[in-house]
Amino acid sequence: MLSLDKKVIILAFVIRFGIFIIAPSIANSLEESIEFSTLITSYKSLKEGLFLYSSNINPYDGGVVHHQPLLIILYQYFQDFDQLLYSIVDTYIVYYLINISAKISSKNETIFFKPWIVGLIYALNPLAILSTLSKSTVLFQNFFIVWTLNSALNNDVLLTGVGISIASYLSYHPIFLVIPLIKLIHQNNNGQNQKVWLFLVSAVISLGLLIGSSFYILGQDWKFIESTYGSVLKFTKIAPNLGLWWYYFTEMFEFFIPFYNSVFNLYNISFVLPLTIRLNGIFAFILSWGWLVFSKSYPSLGDLSLYISLLFLLKPVFPFLRYPVISILLLLHSIILSPIFYHLWIDLGSGNSNFFYAITLVYSLGIISTLVDFTWGYLRYEYDSDESNIKLKVTQI
C-alpha cells in the first residue's frame with residue numbers, strides 16, 4: 001500500500017497534468033496574467049527566444065527576450081511535451097518539500113507538521129497550481145531553491161552550491177540566499193568552516209561555468225548579461241506587476257532613476273544579512289526568501305506560493321504568532337482584487353494605475369506582515385527555551 005507521502009506526490013502530478021489536458025484554455029489565459037507571468041518569466045518570451053535562436057538570430061538583439069541562454073536552448077528539447085515537463089517539475093517540488101520537512105522534524109516530530117501535510121499544502125495550493133499552468137519559468141527557480149535547501153539539510157555542500165548557482169543563474173535574486181545558506185551549513189557542521197568554503201567554491205565554479213557556457217554558445221557575446229540580469233537590476237522594462245518598483249519609476253523624473261534604482265537594489269540584501277545574523281539557519285533561509293519575494297523588481301504569485309509553503313516548516317512558532325488572521329486576509333484580498341483592479345484599469349478604462357498599485361501595496365503589506373510576525377514568533381519561541389507559555393505577555397524593548 002502506498003504511503004501518504006507517495007499519495008500526495010501522485011495527487012500533485014494528477015491535478016497539474018489533468019488540468020493541462022482537460023482545460024487547456026485555462027493555461028492559455030494564465031499566460032497573459034501579470035500576476036503569474038512577468039516580462040522576465042513569461043512563457044511567450046521563452047518561445048520567442050527559442051524561435052529567434054532556431055532562426056540563427058541572437059535572441060537578445062531585439063530587447064524582448066530576458067530568459068537565460070541555456071534555458072532557451074534546453075527548452076527546445078521539451079517544447080513538444082512542455083505540459084508534462086512543468087507538471088513533473090512542480091511535482092518534484094512537492095517531493096523535496098516532503099523530504100525537507102522529514103529532515104527538520106526528525107529530532108522532534110511532535111512539534112512539526114507531518115511531512116505529507118507540508119507536501120499536501122503545496123500540492124493543493126491554488127497559487128502553485130495556477131503558476132504551473134501559466135508555464136512561468138519561475139517554476140524552475142523554485143525547483144532549484146527547494147533542491148538547494150534539501151541538499152543543505154542533508155549536508156551535501158557540493159549539490160547545495162550547484163543548486164543555488166543554477167537558481168541564481170535563472171533568476172538572479174536567489175544569489176542572496178547564499179548568506180543564510182552559509183549559516184545553515186556552518187550550524188550543521190558544528191561551527192567548522194571547511195564545508196562552508198567547499199560550498200562557496202562549488203557555487204562560484206558552477207555559476208562561472210553556467211555564465212561561461214552561455215557566453216560561448218552565443219558566439220562569445222556578452223549581450224545576454226544586459227538583457228537578463230541587467231534588466232532586473234536596472235528595471236529597464238517598466239510594466240505593471242505585483243511589486244513596488246514600477247509605479248515609482250513611472251512617476252519619477254528621469255534624473256532620479258539611478259538613485260532610486262540603487263536604493264531599491266540595496267533593499268534586496270539590506271534585511272537578508274540581519275535576519276541571518278539573528279535567526280537560526282532554516283528560519284533565516286525561509287524569511288530571507290520572503291523578503292526577496294517582497295523586494296523583487298518583477299515578482300509573481302509563483303514566488304509567493306513557495307514562500308507560503310516554506311512557512312509551514314516553521315510550525316513551532318505558530319502558537320506565538322500575533323496577527324496571522326490579518327496577514328491571511330491581507331494576502332487574500334490583494335490576490336482576489338488585483339486581477340479585478342487591473343481589468344478595470346487596462347481593459348475597461350474605468351480606473352487608473354492608482355487602483356492597481358493600491359492593491360499591490362496591500363499585497364506587499366501582507367508579505368511584510370508575515371515576515372514581522374514570524375520573526376517575533378521565533379524570538380518568543382527562543383525566549384521560552386522549549387518551556388512554552390503562550391499566555392505569557394512579552395513586550396519588545
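Cβ coordinates are placed from backbone N, Cα and C, and glycine is handled just like the others.
Keep in mind the model is a prediction, meaning the values are calculated, not measured.
According to TrEMBL, the protein carries these features:
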type     : residues : note
TRANSMEM : 7-27     : transmembrane segment
TRANSMEM : 84-104   : transmembrane segment
TRANSMEM : 116-138  : transmembrane segment
TRANSMEM : 158-184  : transmembrane segment
TRANSMEM : 196-218  : transmembrane segment
TRANSMEM : 238-259  : transmembrane segment
TRANSMEM : 271-292  : transmembrane segment
TRANSMEM : 328-345  : transmembrane segment
TRANSMEM : 357-379  : transmembrane segment
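Segment contact holds for the transmembrane segment (238-259) and the transmembrane segment (357-379), given three or more CB pairs below 8 angstroms at sequence separation of 6 or more. Using a Cβ-Cβ cut-off under 8 Å and counting only residues 6 or more beyond its ends in the same chain, the transmembrane segment (328-345) has close neighbours at 33-35, 127, 240, 242, 301, 304, 351-353, 355-356, 358-360, 362-363, 365-367, 369-370.
Residues 83-84, 86-88, 90-91, 94-95, 98, 116, 119-120, 122-124, 129, 132-135 of the same chain lie 6 or more positions beyond the ends of the transmembrane segment (7-27) yet place their CB under 8 Å from a CB of it. The largest share of C-beta pairs under 8 angstroms with the transmembrane segment (271-292) comes from 158-184, of the ranges 158-184, 196-218, 357-379.
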